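Visitor: What Swiss-Prot records for this protein is below:
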BINDING   A32, G33, H34, D52, F79, D100, Q107  S-adenosyl-L-methionine binding site
Amino acid sequence: MFHHVSVMLNETIDYLNIKEDGVYVDCTLGGAGHALYLLNQLNDKGRLIAIDQDLTAIENAKEVLKEHLHKVTFVHNNFRELTNILNELEIDKVDGIYYDLGVSSPQLDVPERGFSYHNDAKLDMRMDQTQSLSAYEVVNQWSYEALVKIFYRYGEEKFSKQIARRIEAHREQQPIETTLELVDVIKEGIPAKARRKGGHPAKRVFQAIRIAVNDELSAFEDSVEQAIECVKVGGRISVITFHSLEDRLCKQIFQEFEKGPDVPRGLPVIPEAYTPKLKRVNRKPITATDDDLNENNRARSAKLRVAEILK
């Protein structure tokens, strides 16, 4: 069963100031915890567009949301297609959009999906099982330089070069096929002293490969910039991130649209063209409560940012 404990469930939805007849978009349906909480607040005129690139998540969500199916439109797609999705549904603007980024618990906990460095499985890490690129191709076919780049950029791994060299040496003998084979190779590239601190030694490289396989940061940047144009004035966007790269990107995008263009000096009245597109509802990100942490250890790194559309 696809069981997933949603992080900061109440805060993410409550900050959207739900209108009972509003139209909302869940860009990361996952275990549908946030969706269920939101749908309980909508009347029969309200609507939720539920997007996920994982078909398994969508099928399980249909069971979780079975009492609300008349209010939900399920979409199997990448959230970077947000504008196209809404256009196809003939929806101009929505009342709110939210994101719960990162891998859902079921994806991590089902060994066959190949996301976890604790369980042995074929290298995969595809959120969308229909796409061709998997972790196997990244590990066995990408160049040394490309591996160094993603390990450093997406994993912030300081031993990127050493790990990439070990991968290169191993795959010349035979392909690296499973998650635990890769873990062993990663450990070879990290000095023993460094392996003993900072969590699991493979954590950063696995994160980097997962982000590369699913093009996560680029997809999120594309999507949230579209979301800013798709939400009505007064509507809001909630984003939960789980690592510093996502959080930094979200903060930068919100800041950029909050700033607006430079205003020429001497204008008695500021034209609307120079007013900001949005305002950040919370200057500092909201973090998980003790209750969240007790229910889900993955909430420890979660941060919530919220923006309200002004024009």
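Easy rule for this one: first residue shown is 1, then count along the chain.
The backbone N, Cα and C atoms fix where each Cβ goes, and this holds for glycine too.
Map the listed features onto the structure and describe their local environment.
Guide: The Cβ of D100 (S-adenosyl-L-methionine binding site) lies under 8 Å from the Cβ of S6, V7, T12, T28, G30, H34, I240, each of these being in the same chain and 6 or more residues away along the sequence.
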Visitor: Across all the protein chains here, work out how many other Cβ atoms are within 10 Å of the Cβ of D52 (S-adenosyl-L-methionine binding site).
Guide: 26
Visitor: What is the total of other Cβ atoms whose distance to the Cβ of F79 (S-adenosyl-L-methionine binding site) is within 10 Å?
Guide: 25
